[in-house]
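Notes follow once the structure below has been shown.
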Amino acid sequence: AWYVPCLASFETLQELCRKENLTCKAIGITNRSLKSYEVEYLCDYKVEEGKAYYLVKWKGWPESSNTWEPRKHLNCPLLIQNFLRDKNEYLSRGRGGKAMKLRNHVKTLKPAIADYVVKKAKQRIALQRWKEELNRKKNHKAMILVENTVDLEGPPLDFYYINEYKPAPGINVLNGITTGCECADCPAEKCCPKEAGFILAYNKRKKLKIQPGLPIYECNSYCRCGPDCPNRIVQKGTPYSLCIFRTNNGRGWGVKTLQKIKTNSFVMEYVGEVITSEEAERRGQFYDNQGNTYLFDLDYDSDEFTVDAARYGNVSHFVNHSCDPNLQVFNVFIDNLDLRLPRIALFSTRTIKAGEELTFDYQMKGSIDLTSDSAEGLSPSKRSIRTVCKCGAMCCRGYLN
């Protein structure tokens, strides 16, 4: 049998079933629940004969089924709170950020206010679903949150979360490993880094101890050591809960940490599609016309391959540039010893407080020809137009290229 994935949400499918009076057990629509009602969000407000009414969008029902309900019939305090906050947020825009309450004699909301409240409600639902999707797909324990208190922008429409490199046809990102270390307690004399001619990258507290530019060799799937080996850090994924948030200064999405991060700690890996440099040149020209691209040259040993995180990536896709960054790029080798295809890890350069935005320098060694709606920096070799930097750092260079 053939199965075709459906991109519609359960709520959308439920709306269609209820509209056509159909049942479908797979999405929770049975004869018993066909006529069930649950408030999804509130659309409007009015006062009639001294009583307050809200226009209700019912979950799993089309908008044509919206009904006006008296306040006393609604048992959804959080949704009412969201409605009032969104309404006041709209009203405060023209008063320098000061909230303006509706006067008692106002019987209905202006259409512009109601429209804004509905858009915010739909955005809130979309961002919640995106958050749930991200956390289903991630392969690490830490949580991913999503937040937008700035505008009406919703989840990116053409972005797919992945946990590791997605190689283009003909590119093998898993080769070169046939054996692992025999250490019972790493690091030993013949542990993976020493076999490669380098020192162990981490100290006893599992913090980075090598200088930028030096590679990291972690124990691999053939090694005798277990998952608690001190030389297995990057491969475990980010240990910190992070938040993808909308910036308030025109840089689009950004990423902030929800936990304190100590100096020289692994924060996240940069992943995407692995393509040839020739393909990167072709895509770069197309991206230039759009003003968006996420091309990261893998130039540790050569310049044959590039990581493109435009459509496929993880949280690092949303990390912004800074001329005074708190993250540093390192090349990592685990289950692949091909020097042309290192994994890219981001480590903290200093202590990062909870709530602080995470950034790295797009011009740092081994780094990047990267742009996004949040940071449009291209290397001079690929673009002659200089792009103004909005990082706000005291040592800002003024331009991203």
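Glycine residues also receive a Cβ, built from the backbone N, Cα and C atoms like all the rest.
Record features, source TrEMBL:
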{"type": "BINDING", "residues": "Cys181, Cys192, Cys219, Cys223", "note": "Zn(2+) 2 binding site"}
{"type": "BINDING", "residues": "Cys181, Cys183, Cys186, Cys191", "note": "Zn(2+) 1 binding site"}
{"type": "BINDING", "residues": "Cys186, Cys219, Cys225, Cys229", "note": "Zn(2+) 3 binding site"}
{"type": "BINDING", "residues": "Arg251, Gly252, Trp253, Asn320, His321, Tyr362, Lys390", "note": "S-adenosyl-L-methionine binding site"}
{"type": "BINDING", "residues": "Cys323, Cys389, Cys391, Cys396", "note": "Zn(2+) 4 binding site"}
{"type": "DOMAIN", "residues": "37-95", "note": "domain 'Chromo'"}
{"type": "DOMAIN", "residues": "179-237", "note": "domain 'Pre-SET'"}
{"type": "DOMAIN", "residues": "240-363", "note": "domain 'SET'"}
{"type": "DOMAIN", "residues": "385-401", "note": "domain 'Post-SET'"}
Tally the residues of the domain 'Pre-SET' (179-237) by DSSP class, grouping H, G and I as helix, E and B as strand, and everything else as coil. 7 helix, 4 strand, 48 coil
Whole-Å Cα distance, Cys323 (Zn(2+) 4 binding site) to Tyr362 (S-adenosyl-L-methionine binding site), is 8
Around Cys229 (Zn(2+) 3 binding site), how many other CB atoms lie within 10 A of its CB? 20
Nearest of the binding-site residues (Cys183, Cys192, Cys219, Cys389) to Trp253 (S-adenosyl-L-methionine binding site) - Cα to Cα: Cys389
Mean per-residue pLDDT in the domain 'Post-SET' (385-401) works out to 75
Expressed to the nearest Å, what is the distance separating Gly252 (S-adenosyl-L-methionine binding site) and Cys391 (Zn(2+) 4 binding site) at their Cα atoms? 12
Other than Cys186, Cys219, Cys225, Cys229, which residues of the same chain sit close to Zn(2+) 3? List them in sequence order, counting a residue when its Cβ is within 8 Å of the Cβ centroid of the site. Cys181, Cys183, Pro187, Cys191, Cys192, Cys223, Arg224, Gly226, Pro230, Asn231, Arg232
Let's check the environment of Cys183 (Zn(2+) 1 binding site): how many other CB atoms sit within 10 Å of its CB? 18
